[in-house]
Amino acid sequence: MRLFHEPADRRPRRALIAAAALSALALLAGCAAPSGASAPAPPTAQKERVPMSREPATPDPAAATDALFAAVAANDRAAVDRALAAGAEIDARGDQGRTPLVAATKAHRTEVAIALLDAGADPNLQDDMLDSAFLYAGAEGLDDILRATIAHGADTTATNRYGGTALIPASEHGRVTTVQILIEAGVHLDHVNSLGWTALHEAIVLGSGSPEQLLVVRQLLDAGASPTLPDGNGTPPRELAAARGYDDIVAELDAHL
């Protein structure tokens, strides 16, 4: 058999072609995927965020009412407003039967008391001592609160634990401005309390005969209080004043006879 032998001059050329082909393949592979690099991962689908629904807070009137009393005690007007907005019972009864308004008035919290009145607090509710905001403000000369209670419907015929109107203790203490406010509000001038005294009697009997007491006596008489109405023991005002040496008051009474 005759074997075919490739010419020697073709062998090197074939080797060169094979080497070139291998180089081209390597180059193409390098361009397609850099050495050491991994193929990018397919994008992961993001989970849709569902907003959490928040349940509205359940109103707690009892807690709000406790907060209201605490705000009154702290004289914190802003906290009072927050408690009312949260549903506090504005006329709730607290210690000694006091409403927030009565508590504010007895603590002389003028701004808070007026804010409560503006928010609808009842000026006529009385505590266990039979004090209302109106009656207590009149007795103590808390004139700004007193005016506010009148503006918000205070009952000017209301009486305290002694059966007296607000005018009687105001006259007793010689509170000139307070007496004028109450006179202008129409409080009965000759109302007799459980002790048998009117405002004029108390201005004389329980007063000190001071210039302020003289002014109060004059205010009452000028407004129409009786200068002769006797007290529960049958003693007229002039005798009450003379027995105590209040000569100026005696003269004032004589001027109105």
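Placed from the backbone N, Cα and C atoms, the Cβ positions cover glycine too.
Feature list (source: TrEMBL):
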{"type": "SIGNAL", "residues": "1-37", "note": "signal peptide"}
{"type": "REGION", "residues": "36-61", "note": "region 'Disordered'"}
{"type": "REPEAT", "residues": "96-128", "note": "repeat 'ANK'"}
{"type": "REPEAT", "residues": "162-194", "note": "repeat 'ANK'"}
{"type": "REPEAT", "residues": "195-232", "note": "repeat 'ANK'"}
Go through the chain and flag residues at least 6 beyond the ends of the repeat 'ANK' (195-232) whose CB is under 8 A from any CB in it; none is fine as an answer. 162-165, 167-172, 174-176, 179-180, 183, 189, 238, 240-241, 244-246, 248-249, 252-253, 255-257
DSSP tally for the repeat 'ANK' (96-128), helix/strand/coil in that order, comes to 18 helix, 0 strand, 15 coil
